[in-house]
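So that you can see what the record holds, here are the features copied from Swiss-Prot:
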- 40-94: region 'Disordered' (REGION)
- 110-120: region 'Interaction with host STAT1' (REGION)
- 133-143: compositional bias 'Low complexity' (COMPBIAS)
- 133-168: region 'Disordered' (REGION)
- 144-160: compositional bias 'Acidic residues' (COMPBIAS)
- 204-229: region 'Disordered' (REGION)
- His232, Cys251, Cys276, Cys279: Zn(2+) 1 binding site (BINDING)
- Trp240: site 'Interaction with host STAT2' (SITE)
- Phe246: site 'Interaction with host STAT2' (SITE)
- Asp248: site 'Interaction with host STAT2' (SITE)
- Trp250: site 'Interaction with host STAT2' (SITE)
- Cys255, Cys267, Cys269, Cys272: Zn(2+) 2 binding site (BINDING)
Amino acid sequence: MAEEQARHVKNGLECIRALKAEPIGSLAVEEAMAAWSEISDNPGQDRATCKEEEAGSSGLSKPCLSAIGSTEGGAPRIRGQGSGESDDDAETLGIPSRNLQASSTGLQCYHVYDHSGEAVKGIQDADSIMVQSGLDGDSTLSGGDDESENSDVDIGEPDTEGYAITDRGSAPISMGFRASDVETAEGGEIHELLKLQSRGNNFPKLGKTLNVPPPPNPSRASTSETPIKKGHRREIGLIWNGDRVFIDRWCNPMCSKVTLGTIRARCTCGECPRVCEQCRTDTGVDTRIWYHNLPEIPE
């Protein structure tokens, strides 16, 4: 398998060198393109002719010459190997040897396959070389040995007989998105979404909204939004003396903090009244023991 591949590559390089040594004219290029167009329309006819030519040959050492049509002078156009082709093959098909150099396209297709039988992509073939019109002695052909490894030519899918069907009318293959490009695009979209959300944009048109509750304000956490009603509140205390339970009741300002113990609190807002209706009837105001802070409460 490796020797066969090496032979295919060697033959292809020989074709390229022959074309570089003796460039073909623009008329031959136009005829070659027309010939390949006819072959792509009727691939079965070309394969049948190639089978007959390969019946007496040992492999790909000789090109497959097929009559494709007739030129203006009546001689058919052929597909040959170039200037290195012998005149014996032309005489076999009835073509004069003097017209072989003018009518031959000089394009021979060699394909390289791996050990599994799949065509190796990225190998530029001799049939992919495009010759510019009006070539002079100093002009060079596009392609060649230096570009054979970096080519993007699709050699097609090989059939059961080893021929590759090349679609010359297909559009060039476009590069796809990489995974890193997709991740970058998604990350940029999320970043833009958060950036606009911080500015107060709720995306009414796009339908994208990030509802983030505002952080609590520590200064407003301890105070209520509604003002405290001014006045007094009634407090109740239970006293256990070992035999009985005594219930004591008294009043404190509404704005004062509720604490443990019998404490007479003071007004902090300055608007609560000193006495209320219940304070006036309280008989223990003068006899009650008031504790002003927690350490004063006996255990």
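All residue numbers here begin at 1 and follow the chain in the order shown.
For all residues, glycine too, the Cβ spot is worked out from N, Cα and C.
For the binding-site residues shown (Cys251, Cys255, Cys267, Cys269, Cys276), fewest C-beta neighbours within 10 angstroms: Cys269. Under the three-state DSSP scheme, Cys255 (Zn(2+) 2 binding site) falls in the coil class. Listed in sequence order, Lys230, Gly231, His232, Pro253, Met254, Cys255 are the same-chain residues six or more apart from Cys272 (Zn(2+) 2 binding site) with CB atoms under 8 A from its CB.
Here Trp240 (site 'Interaction with host STAT2') is positioned 21 angstrom away from Cys251 (Zn(2+) 1 binding site), judged by their C-alpha atoms.
Comparing C-alpha positions, Trp240 (site 'Interaction with host STAT2') sits nearest to Cys279 among the binding-site residues Cys267, Cys269, Cys279. When the binding-site residues Cys267, Cys269, Cys276, Cys279 are compared by Cα distance to Phe246 (site 'Interaction with host STAT2'), the shortest distance belongs to Cys279.
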